[in-house]
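Peer 1: Below, the features straight out of Swiss-Prot:
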{"type": "BINDING", "residues": "Glu8, Asp10, Asp19, His24", "note": "Mn(2+) binding site"}
{"type": "BINDING", "residues": "Asp10, Tyr12, Asn14, Asp19, Asp208", "note": "Ca(2+) binding site"}
{"type": "BINDING", "residues": "Tyr12, Leu99, Tyr100, Arg228", "note": "carbohydrate binding site"}
Amino acid sequence: ADTIVAVELDSYPNTDIGDPNYPHIGIDIKSIRSKSTARWNMQTGKVGTVHISYNSVAKRLSAVVSYSGSSSTTVSYDVDLNNVLPEWVRVGLSATTGLYKETNTILSWSFTSKLKTNSIADENSLHFSFHKFSQNPKDLILQGDAFTDSDGNLELTKVSNSGDPQGNSVGRALFYAPVHIWEKSAVVASFDATFTFLIKSPDREPADGITFFIANTDTSIPSGSGGRLLGLFPDAN
């Protein structure tokens, strides 16, 4: 199975797999059962911003979700990613819909990772930034139902021609280049990711959510990972 670390924006509570009974953001380490969660006052139809950060000195993974003009939600978890992830990974965004549905639209996405070793010259870094997405993106690996639209947005799950979200959809987008996320001799390994998103839904209860995830380089959508499993995990263990 894939090795996954993720930050989830979970719009639909699945209490049977340990979700709190409200929309929440969470940190997932190798399982959909989040290690840490915080209540998320999701605002459908409004653009939100997610900022995720980690560094190997503090060994803390943190995420902040905010909408302009309202307070932000923060979640963090202490973890040494050297012990969890392979040295080389890919980073991506995933989303699903199920019986209930929502648009899982990504408007922008940026990422920076840095590895500093003791030698002065040796800093390994990777940076990318999408302010809009091209129609036939060469620098993204699109999986499942994910596609880029004519407005320059990345739609992670299916929408109709008129823009209505479709149910039972799963999609992911990964940056094409592998990321060197840690190294034994590194003094500091760190990364920052930011994305803006828009969730809209005709349903009273939108579902299921969006994630930022880090995985082994050959990661693919696991069979049966739709709905509550957010396109990341084959089961709810």
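Residue numbers in this text run from 1 along the chain shown.
Just so it is clear, glycine is given a Cβ too, placed from its N, Cα and C backbone atoms.
Keep in mind it's a predicted model, so treat the numbers as computed, not measured.
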Peer 1: In which DSSP state, out of helix, strand and coil, do we find Tyr12 (Ca(2+) binding site)?
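Peer 2: Tyr12 (Ca(2+) binding site) sits in coil per DSSP, no helix or strand.
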Peer 1: Around the Cβ of Glu8 (Mn(2+) binding site), how many other Cβ atoms lie within 10 Å? Please give the count over every shown protein chain.
Peer 2: 26
Peer 1: Fewest other Cβ atoms within 10 Å: which of the binding-site residues His24, Arg228 wins that one? Let me know.
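Peer 2: Lowest Cβ count within 10 Å among the binding-site residues (His24, Arg228) is Arg228.
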Peer 1: Which of the listed binding-site residues (Tyr12, Tyr100) has the least company, meaning the fewest other Cβ atoms within 10 Å of its Cβ?
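Peer 2: Looking at the binding-site residues Tyr12, Tyr100, the Cβ with the fewest others within 10 Å is that of Tyr100.
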Peer 1: Three states by DSSP: which one describes His24 (Mn(2+) binding site)?
Peer 2: strand
Peer 1: Taking only same-chain residues 6+ apart in sequence, whose CB is under 8 Å from that of Asn14 (Ca(2+) binding site), what do you get?
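Peer 2: When sequence neighbours closer than 6 are ignored, Asn14 (Ca(2+) binding site) has Arg228 within Cβ distance under 8 Å.
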Peer 1: Determine, for the carbohydrate site, the additional residues of the same chain whose CB lies within 8 Å of the mean position of the CB atoms of Tyr12, Leu99, Tyr100, Arg228; present them in sequence order.
Peer 2: Asn14, Thr97, Gly98, Glu205, Ala207, Asp208, Gly227
